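Worksheet: the structure to be examined is printed underneath.
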Amino acid sequence: MTATSPRLKHEVKDLALAPLGRQRIEWAGREMPVLRQIRDRFAQEKPFAGLRLVACAHITTETAHLAIALKAGGADAVLIASNPLSTQDDVAASLVLDHEIPVFAQKGEDNATYNRHVQIALDHRPNIIIDDGSDVVATLVQERQHQIADLIGTTEETTTGIVRLRAMFKDGVLTFPAVNVNDADTKHFFDNRYGTGQSTLDGIIRATNILLAGKNVVVVGYGWCGKGTALRARGMGANVIVTEIDPIKAIEAVMDGFRVLPMAEAAPQGDIFITVTGNKHVVRGEHFDVMKDGAIVCNSGHFDLELDLKYLAANAKEIKEVRPFTEEYKLTNGKSVVVLGQGRLINLAAAEGHPSAVMDMSFANQALACEYLVKNKGKLAPGLHSIPVEVDQEIARLKLQAMGIYIDSLTPEQIEYINSWTSGT
């Protein structure tokens with residue numbers, strides 16, 4: 001249902017959900033002291049005054065604090081969902097009603113609605129785009145070349161989105177600066193590892209109420225998200241198997257104490273399969289065919305392409321929902337495969353996404369990346385740019401201070417030593 005308000009355009013499920021969203025946003029804020037400090041500074045300095053901004057992100061309590069910080073900084077912001085199943089409808093309602101931020105997102109929206117919301121966002125003629133998977137940027141490049149002149153730059157938070165941006169740059173169509181937030185140390189070391197690890201298992205447990213102890217859990221991909229997922233699954237008593245295509249990551253998984261197998265060998269052994277690769281069809285027909293009866297598969301990468309769901313649907317006698325966000329595919333071979341969250345991000349489809357404490361740093365990076373683009377307008381070459389090291393370090397310092405933790409600094413003697421080549425044995 002589209003709600004209407006006399007104050008601003010929006011499409012959310014129900015504005016009556018705003019009180020619950022307000023309460024949950026306030027709770028999340030307790031764990032986000034870094035972003036709060038940035039918001040307070042933005043409110044004084046107004047770095048985005050007069051600028052139009054589009055944020056394509058998962059509409060969660062944590063994202064709400066990013067949007068509020070950007071508005072405090074003077075941004076004329078519009079918010080849309082980066083995934084059809086990740087929107088928290090109460091949060092969307094609160095942002096509209098309590099903060100007067102236009103939101104176009106509803107949990108469970110179909111692909112046509114999702115794509116229409118991308119077009120609505122681009123109708124805002126953004127000067128800055130915060131993207132999560134690069135759908136908005138890709139649409140801009142493919143369909144709205146005339147609007148690129150309005151753009152100062154973009155930021156991207158996901159591995160999947162960075163892969164797309166690199167491909168765009170290689171093809172010569174990334175003609176504006178894009179800040180790679182994903183590779184900031186204060187993002188991927190914590191968000192990708194600790195955030196994904198915890199929230200993925202949270203989503204699986206909420207969807208199934210299954211006991212992980214003693215189960216064979218196959219983690220497909222051993223990047224930072226895979227590392228975190230494997231670590232947490234082992235911590236809950238699972239027997240973890242890792243599959244990889246990168247020999248270096250495979251060695252790392254082995255030395256971290258995990259079994260490493262080709263997917264063809266892991267498929268008949270697994271009870272639960274979790275994909276975290278950002279690539280297409282990493283679990284496909286030949287794997288589904290040999291899985292145990294009742295095997296559970298889910299995705300914690302980005303898009304819903306990691307599992308070949310078209311194959312499953314084509315080879316299913318029956319598909320039925322057995323629990324919320326849990327569908328059983330009864331196959332023609334007599335076995336069944338259980339798919340969680342329609343193959344989309346299980347941590348957001350069935351749970352609430354990453355904990356606020358890690359998103360505090362990720363969204364601090366997003367906020368400061370936007371400020372970096374504004375401060376360097378016209379100075380940055382087209383293509384990908386890293387978060388400045390000093391920004392990364394400052395976010396870490398602020399986080400430590402908020403935790404009541406303080407660290408040492410180099411003495412003058414040590415600084416002199418590490419900058420000299422004359423001292424030796």
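We number each residue from 1, going along the chain as drawn.
Using the three backbone atoms N, Cα and C, a Cβ is placed for every residue, glycine included.
Sequence annotations record features per position, and here Swiss-Prot assigns substrate binding site to T60, D132, E157, K187, D191. Under the heading NAD(+) binding site, Swiss-Prot lists 158-160, N192, 221-226, E244, N279, 300-302, N347, citing sequence analysis as support.
G221 (NAD(+) binding site) sits 16 Å from D191 (substrate binding site), taking the C-alpha atoms as the reference points. Packing around E157 (substrate binding site) is summarised by its Cβ count: 29 other Cβ atoms lie within 10 angstroms of its Cβ, all protein chains included. Following the DSSP three-state reduction, the secondary structure of D191 (substrate binding site) is helix. A distance of 13 Å separates the Cα atom of S300 (NAD(+) binding site) from that of D191 (substrate binding site). Straight-line distance linking the Cα atoms of H302 (NAD(+) binding site) and K187 (substrate binding site), rounded to a whole number, equals 16 Å. In this structure the C-alpha atoms belonging to D132 (substrate binding site) and C225 (NAD(+) binding site) are separated by 16 Å. Ranking the binding-site residues D132, D191, E244 by other CB atoms within 10 A of the CB puts E244 at the bottom.
If you count neighbouring Cβ atoms within 10 Å for each of the binding-site residues T60, T160, S300, the highest count belongs to S300. Annotation note: T160 (NAD(+) binding site) sits in a helical segment as assigned by DSSP. The distance from the Cα of C225 (NAD(+) binding site) to the Cα of K187 (substrate binding site) comes to 11 Å.
The shortest Cα-Cα distance between K187 (substrate binding site) and any of the binding-site residues T158, T160, G223, E244 is the one to T158. Taking the Cα of G223 (NAD(+) binding site) as the reference point, the closest of the binding-site residues T60, E157, D191 is D191.
Listed in sequence order, D132, G133, N182, G278, H302 are the same-chain residues six or more apart from T158 (NAD(+) binding site) with CB atoms under 8 A from its CB.
Comparing local CB density within 10 A for the binding-site residues G221, G223, the maximum falls on G221.
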